[in-house]
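**Q** Starting off with a structure, shown below.
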Amino acid sequence: MMTQELDDEPLSLVIVKNDEQVIAGSQSGALYTWNWNTWSDYSKWIGHPNSVDALCKLDEDTICTGGSDGLLRLITVSPQQQFEGILGDHGEDFPIEKMAVGFDEKYLASCGHDLHLRFWNIEFLYENTKRKQQETATSGVNKQETNEPNTVSSPIRINKFDPKDEKLDSLLKSNAEWSKAVTEADPNFFKKLAQIQEPKILWVGCADSRVPANQLVQLAPGEVFVHRNIANVVCHSDLNCLSVLQYAVDVLKVEHVIVCGHSNCGGVAAAMGSGQYGLIDNWLRNIKDVYRFYEKELDEIKDSKERLSRLIEFNAIHSAQNVCRSTIVQNAWHRGQKLTVHAWVYDLENGLVKRLEFSHKDPAKLPSIYACQPL
């Protein structure tokens, strides 16, 4: 027996749903799923920016994927495959080779190319199940056991706004339905969310309506602190952005700052031209300066679309560099605070985020002219 030939290379394998489903991780980062008795058909979920080198079953509806980028990702496979969060990080240069869960479901072990065996506490994933088991044992009532990760993600719904809805009733209705669905999944979700926010990520992105941060990375409310502006610009004179950065780093203690650009960015495209647009011309000047820094390489690109795409990448990297050059981030590093700054770009045509060649967490790598002495 054999499946049909794929246009991708399978690298890892796991069996879930009481032996009814087989999931394979692939070179492209997609997950392929077969039902045990129907090998001729499969579903494909494009959910990873890098290859999926290892898979580990956490329960019948939940798996952990180990990527070539060193990240351990929590994925629910039922009722649909969905990214729930990061369980661990070996570092981007250390692909994950193998993972296993201890018999007591307390730790997830993983090993990669960094020559270390690492252990990640995952007890929180099984709290609901163990609590229900205890309740069953106490009450003596036989209940069907379920393994639910202690995580709630926003249900994915793609609605179209009706311009005739002048009172915005449809938005309020959708909100009520969303609130009900989340509450049914976790009755205490909003109560806990109202008490405190503890995001580990600051997202600096474009204000473009097609680039919603939480939805792109499939994280629930409370997981991402967000700042957006035209063309995801970070500059030393923008007190709005710097105030967000300071609050995120000094108060929330985020561990990652992601500057994410996107394809076909209108702000970057406008900065490449010579037209006047009003007040925003002053803002676009920041992107024109980025063009000047990389003028030689950009001018050698003859295709205008390719040149725009490259400037979009340079703009995201330059803004990420400015994050690192801020005294806010440098002081955090000097205090020994865990903080990494990343530059990404999102492709509108396929929905995938790509990591750019920029990731910093060491003040020693800053150009000396921007380096600040510790307070």
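One-based numbering along the chain as shown.
Placement of Cβ uses the backbone N, Cα and C atoms for every residue, glycine included.
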**Q** Would you mind telling me which of 60-87, 284-311 TrEMBL tags as coiled coil?
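**A** Matching range for coiled coil: 284-311.
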**Q** Per-residue pLDDT averaged over the coiled coil (284-311) comes to what?
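**A** When the pLDDT values over the coiled coil (284-311) are averaged, the result is 96.
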**Q** Suppose the Zn(2+) site is CYS206, ASP208, HIS262, CYS265. Which further residues of the same chain have a Cβ inside 8 angstroms of that site's Cβ centroid?
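**A** My list of surrounding residues reads GLY205, ALA207, ARG210, VAL211, ALA231, ASN232, GLY261, SER263, ASN264, GLY266, GLY267, VAL268, ILE312, TYR346.
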**Q** Across all the protein chains here, work out how many other Cβ atoms are within 10 Å of the Cβ of HIS262 (Zn(2+) binding site).
**A** 23
**Q** How many neighbouring Cβ atoms, not counting its own, are there within 10 Å of the Cβ of ASP208 (Zn(2+) binding site)?
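**A** Result for ASP208 (Zn(2+) binding site): 19 other Cβ atoms within 10 Å.
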